[in-house]
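Asker: To start, I am sharing the structure in question, which I have written as structure tokens.
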Amino acid sequence: MSSVSTLAGAPAPGSDTYKGWLFKWTNYLKGYQRRWFVLSNGLLSYYRTQAEMAHTCRGTINLATAHIDTEDACNIVLSSGGRTYHLKASTEVERQRWVTALELAKAKAIRMMNDQSGDEEPTTQSDRSEGIQGTLKTLISKLDDLSTCNDLIAKHGAALQRSLSELEALRVPVEGGEKIKGVNERATLFRITSNAMINACRDFLDLAETHSRRWQRALQYEREQRIHLEETIEQLAKQHNSLERAWREAPTLSANTPRGSERPQKGEASDEDEDTEYFDAMEDSPAFITVTATENTQHRSVSLTLWPVSPSCKDSGKELQPLRKRRSHIPDKPNYSLNLWSIMKNCIGKELSKIPMPVNFNEPLSMLQRLTEDLEYHELLDKAARCESSLEQLCLVAAFSVSSYSTTVHRTAKPFNPLLGETYELDRLDDLGYRSLCEQVSHHPPAAAHHVISQRGWTLWQQITISSKFRGKYLSIMPLGAIHLQFHSSENHYVWRKVISTVHNIIVGKLWIDQSGDIEIVNHRTKETCQLKFSPYSYFSRDVPRKVTGVVSDSGGQAHYILSGTWDDKIESSKIVQSSKGGSGSEGKQKTVYQTLSPKLLWKKYPLPDNAENMYFFSSLALTLNEPEDGVGLTDSRLRPDQRLMEAGRWDEANSEKQRLEEKQRAVRRRREAEATDALDNGKTSRKWPQWFHKRKNAITGETTFVYKGGYWEAKDSQDWSTCSEIF
């Protein structure tokens, strides 16, 4: 490179714009790339070329909140929030020109931000004008009062001074008494006037403080609106970049290239490559970069859109055919309006399960049915059960753990809280090979136990306690409890926990849900692990939204597979063929460079049914979960009347029925407590709850949880539900 930075010339005095070429650090594969930078109005933006200034901005950093650092004679480091730009100039002189321009622009941006007026309030234009005029009139009136008091003080002060002078010149005692009396009168008048001025000043100060608080709130509102607008504009720019990239790549892709193997060409010099080459670091492991091996360095298998079928993962027989046709639609969701704030303003800081909610906030499924939806992609476990390689099996288990969140991307409504003792069965033994049973084992805190056994070689069980908090702007949902999965033939026993779900824009704006946190999946027989990271969504992040990355390692900590994708679309795996240590990242952690084979698709989300947006965005499985079915237990969620009425669109009746059930549940709880007390006093044993699960200590985790004790499916076969209570 002959020149790293070429300035467009020194800006004229007072100029707000500065342009020129700099080199920007992209990644360890491409190093520094030449970019066109524009400094204007306190914002530093960059483009690939000057022509891109008309339509595509590759990134922007706000200097008002940025930190400017100079690592050496030629480098500049800009950091603001979670964004960092590493820039380079060819000479120290050129670097100094940019640093000077950046420092001046930063100082001006800070000054402009501090000088912003808060005169406008977040109301209509006419209301703002009337409010400002009224405030000005009041302040002018108070200023007039102060001016009048000032004139009076000056007048009476002068008279007092003259009186004192005359008093000094007196020689006659009689006249002295009269003059002293006059002085006292003037002093009294002066004191009264001074008190009036002090009161007027106090009134002015109180009024000024009151309006200062109002202006401060208005200023804060305007600042938040401006920040939100900046974030929205940046998000639109990112979407524009994505569309442009998709359009540019489309002609270069072969017509028969499988979707799971689509990737930008390696030789293409673009900043977008950074999105596909970087993975976020795990909590306790180094960051890493993946490089696809070429055919000259490593043998590559044919790219498939599904996990490669190896001898260890072949199908064992024909798929079972469904014996009945299940429903594919439910009544459309009614369009009922509701004043959300009037209900939620008294709920801040409370446990969500203790807040009385109308069905307007629900979807016509219970939490037990939502828990059963984890089995939507059960075929991943069927395939994993046939794997002889425990590492390949772990990849499929990881994909299954991610797939359980795919149905939540549009599902912002709240499921019904199950009643204590409520159950839900999903008997798909004939067509899908498994039987699932859930029971609400605790009401406060709400906890559900789940047990699934499959004829295709696996058993899954879990106890999930939902802890949820309403924080005013968002709702945090924290599932507590471990998920256990055991394969029958290998006896591999996997354990993992769920991540935190967050529902945003509870009060204002469109509801949207995000998943964030880490999942560690451990095979307790082989000690192999998988570390998954769910990246939280951010307006300022360059990552793909809802991104998930992961590393599958053996018992010695050596990585064998890289997992990548999104929790709402797909997960791919790439087999590692070589690893090496790279340089340090922005946080000082050393990165690991992994050379991998081409990625293989492990899991892909099924498309939603037609008209899903009017059916609560239910998936094909979710549409069948509340379908009436003969022979289920008397406590099954399908028989819950308020949920059934809501599904039918009769929400007013559903609200009344929901209130009746909640009152009945409270009465039953009081009766159970009284019966338990009486039984204890009489030395008898009271009835045990729950019905189908009992507490046992897990040998692996050491936790005491509810596990299936048996008897439900036998009761169903004989249709003997005599031990079940009438809870509906």
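From the backbone N, Cα and C atoms, a Cβ is placed for every residue, glycine too.
Since the structure is predicted, the reported quantities are computational estimates derived from the model, not experimental observations.
Just lifted these from TrEMBL, have a look:
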type	residues	note
COILED	219-246	coiled coil
COMPBIAS	260-269	compositional bias 'Basic and acidic residues'
COMPBIAS	652-666	compositional bias 'Basic and acidic residues'
DOMAIN	15-107	domain 'PH'
REGION	248-274	region 'Disordered'
REGION	652-685	region 'Disordered'
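Can you tell me where each of these features sits in this structure?
Answerer: Across the range of the domain 'PH' (15-107), the DSSP-based residue counts are 24 helix, 45 strand, 24 coil.
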Asker: Over the span of the region 'Disordered' (652-685), count residues by DSSP class, listing helix, strand and coil in order.
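Answerer: Residue counts in helix, strand and coil order: 30 helix, 0 strand, 4 coil.
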Asker: What residues in the same chain, six or more past the boundaries of the region 'Disordered' (652-685), come closer than 8 Å to it by Cβ-Cβ distance?
Answerer: 356, 358-359, 416, 419-420, 443, 640-643, 645-646, 727-728
